[in-house]
Amino acid sequence: SHRNNSSIGNLAQVRHVVLVLSGKGGVGKSTLTTELALALRHAGKKVGILDVDLCGPSIPRMLCVGRQDVHQCDAGWVPVYTDAQKSLALMSIGFLLENPDDAVVWRGPKKTALIGQFVSDVAWGELDFLLVDTPPGTSDEHLAVVENLRKHKVDGAILVTTPQAVSTGDVRREITFCKKTGLRILGIVENMSGFVCPHCSECSNIFSKGGGEELAKLSGSPFLGCIPLDPQLSTSVEEGKDFIQAFPESATFSAISHIAQAVLANIAAA
């Protein structure tokens, strides 16, 4: 059928696909996805974010696009662009749901079907990178995303953890999931690994540090780096200020830029 041809076509001009995974919620995965997208955009790349997190799509709010009416064209859903140059495209499952809270109680097969359709039915056009923000955990939903993207190609996954050992245990499951599904691990990021004082920009470690690095060693995956907790950036999001403008000024910017460069290098080396 014509529809199926076009769905493969929707990812035909996407050069690289990267999944962002976390073993559990609350580790700042969506924030990291957004920051990574902005850092890649700073590096001159055309980027898309596919927000498949059914349980609370927060990326639209971060990028100040609010609740959008998504339009369809012949090839599928048209993503929402955050800028006139169309260098950052966003498609969130939240845009398609009458009430995003409803999705949380859906049974597995319905979610899986929606995700499957969603992954292949967005008309991205030409992109250097498509970052996929997945739901936390290693469920059928993840398999649905991986299977649907694999028809195209997935360069690999970035695993997000926090410094505490609890979180690293969850990431161990992610590592197993990646190995089982044959997903390449591009690297591990330790998020919220310090607190940047809004007054003096001094970074202090509130939690134990180094969980991410340990884990990377254990699993033989690259350690991409630590990202501090930057209250000024969080505040800009909460107040609906422009995250895109606030981002380059933030303490997290150089950390994320390094990570973006590492991801570019790891993909180029493959």
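Placement of Cβ uses the backbone N, Cα and C atoms for every residue, glycine included.
Heads up, TrEMBL stuff is auto-annotated, nobody curated it.
What TrEMBL says about this one:
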- GLY23, LYS24, GLY25, GLY26, VAL27, GLY28, LYS29, SER30: ATP binding site (BINDING)
- CYS197, CYS200: [4Fe-4S] cluster binding site (BINDING)
Other C-beta atoms within 10 angstroms of the C-beta of GLY26 (ATP binding site) total 10
Determine the most Cβ-crowded residue among the binding-site residues LYS24, LYS29, using a 10 Å radius around each Cβ and all protein chains in the structure. LYS29
Shell list (ATP; ref centroid = CB of GLY23, LYS24, GLY25, GLY26, VAL27, GLY28, LYS29, SER30; cutoff 8 A): SER22, PRO136, VAL160, THR162
Near VAL27 (ATP binding site), how many other Cβ atoms are within 10 Å of its Cβ? 23
If you count, for each of the binding-site residues GLY23, GLY25, GLY28, the other Cβ atoms lying within 10 Å of its Cβ, which residue has the minimum? GLY25
